[in-house]
């Protein structure tokens with residue numbers, strides 16, 4: 001792969017020096033480099049292949065970093081990173097100590113706003129535009145948002161606010177690739193499809209180049225766009241009603257269309273909305289054919305594509321959940337499955353196939369997902385909301401006000417609890433224990449392995465109120481999984497190893513590491529299973545029979561399960577040394593999951609080391625003293 005032009009690019013200033021022919025050639029080199037780079041490190045691929053021309057056009061036309069570009073979600077920002085001096089850093093993409101897979105303000109002045117969760121770009125860019133106006137600074141503010149992210153209410157809240165905000169320059173670029181991760185759903189998607197099928201898009205695609213080679217004066221261009229938008233593609237009035245001047249759709253892979261259009265929009269004042277149509281995976285046929293498979297691949301050979309490896313004997317927790325959901329749906333016709341645009345990631349593909357009338361992908365709309373579930377529960381349905389831990393944060397008010405306050409029967413299956421590895425701090429599910437256990441009526445369960453995940457899912461499903469089961473990303477330990485739908489006693493843990501001196505109270509999958517550490521310490525290990533209701537009887541029993549308590553959790557220490565144990569001891573007036581092990585009070589960057597846990601002292605060796613360091617000067621480690 002030749003990179004003759006790419007080798008000359010060290011900043012967007014270099015892009016602005018290229019002629020039209022060179023710019024098109026650079027697009028091909030940049031796309032090839034993204035493909036080669038991601039195939040070596042893993043990462044988001046399809047979305048980045050689809051934004052190469054758009055990224056080049058934006059940096060060609062706008063004076064970055066003076067002008068602000070905010071990338072919604074941000075997983076499509078690899079071309080942006082490469083063009084802004086981070087090409088060499090792509091070798092360490094999403095690795096510990098390497099560059100992030102998302103825009104990050106601390107990483108580059110070109111990253112105007114940190115993103116990773118969807119639908120925030122318009123709000124952030126609007127805030128920047130108002131700040132620039134107030135400071136008397138003349139600059140452009142661009143929010144690049146995908147069609148999937150546009151389905152979230154926050155995007156429309158921002159546009160509604162922008163429509164009544166005077167004297168600002170704000171350009172919203174809708175990157176319409178008919179995909180988020182899964183294909184987008186809902187009325188907005190149908191609306192955009194009508195736009196793309198309109199005569200204006202057909203005309204722009206067929207004769208756009210000829211028109212733009214003879215670009216008229218700005219005012220005449222604006223007048224013609226207005227005629228097209230209102231007379232030929234009437235649905236565009238939705239965006240115009242918010243106060244935006246709508247332009248498009250145009251071909252997002254045609255630099256001859258993108259560059260002059262952006263140049264003319266830059267010359268206009270006020271609120272502008274550019275609708276570009278791109279193809280996810282563009283330029284790599286395998287990704288074009290299956291953009292979901294190539295959304296976030298691991299390492300692969302681009303010459304042959306992603307190969308199906310030998311199936312692992314260890315199921316992922318996501319797979320365990322998906323199978324349980326189908327099994328429970330067979331037994332209970334009231335079960336309804338809900339996901340906010342994460343069908344594949346949350347394991348609902350088979351459920352959708354088998355129970356299409358009971359499957360609801362509500363789009364990137366976590367607030368709606370939770371209250372939609374509440375409404376179903378009001379009428380006797382049994383909703384299960386399959387959602388990543390980090391995304392439930394977006395529906396927290398609804399969880400409290402609409403579900404828990406009314407004590408409604410909604411089960412939350414929280415995937416990606418704890419550290420998530422390469423996606424880093426933005427996607428880590430570190431806070432669910434703290435933010436859920438304080439909510440009245442809420443059950444919080446944390447299984448130690450795959451089989452226990454199935455047991456706790458059934459237990460929480462049968463509980464007649466709000467309940468959550470948190471489980472991590474990736475495969476379990478290979479535990480044998482019972483095929484039934486058995487339950488366990490609510491709020492009761494179980495002793496997995498009887499020792500002496502020290503009792504380790506483990507919450508979740510770190511139970512396995514705790515058991516390994518306990519072998520060296522001759523410690524007792526309790527698999528607590530529930531954070532709420534917590535097993536008070538077991539805590540007091542272990543405190544009475546041991547010299548010290550150690551709590552272990554893959555969650556934030558502050559407000560976490562260890563805090564719940566201490567609250568029980570304090571309430572009962574029990575004085576015993578307690579060591580809390582968990583995630584520290586800081587955001588934890590991307591890296592390999594196992595390596596990150598080891599670095600935080602949450603592998604078996606680290607747990608043993610922390611216990612010895614805390615109690616080495618006492619005689620609490622009665623077993624360890626003989627080792």
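Backbone N, Cα and C define each Cβ position, glycine as well.
Model, not experiment: these values are computed from the prediction.
Going by Swiss-Prot, these are the annotated features:
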- 75, 116, 117, 118, 148, 149, 177, 284, 366: thiamine diphosphate binding site (BINDING)
- 147, 177: Mg(2+) binding site (BINDING)
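Classification of residue 366 (thiamine diphosphate binding site) by DSSP places it within a helix. Rounded to a whole number, the C-alpha distance linking residue 75 (thiamine diphosphate binding site) with residue 147 (Mg(2+) binding site) is 14 angstrom. In this structure the C-alpha atoms belonging to residue 177 (thiamine diphosphate binding site) and residue 147 (Mg(2+) binding site) are separated by 7 Å. Comparing the binding-site residues 147, 366 on other C-beta atoms within 10 angstroms of each C-beta gives the minimum for 147. With respect to Cβ neighbours within 10 Å, the binding-site residues 75, 117 differ, and 117 shows the lowest count. Cα to Cα, residue 366 (thiamine diphosphate binding site) and residue 147 (Mg(2+) binding site) are separated by 16 Å. Cβ neighbours within 10 Å of residue 177 (thiamine diphosphate binding site), excluding its own Cβ and spanning all shown chains: 23. Residue 147 (Mg(2+) binding site) sits 14 Å from residue 117 (thiamine diphosphate binding site), taking the C-alpha atoms as the reference points. All protein chains shown were included, and the count of other CB atoms within 10 Å of the CB of residue 148 (thiamine diphosphate binding site) stands at 28.
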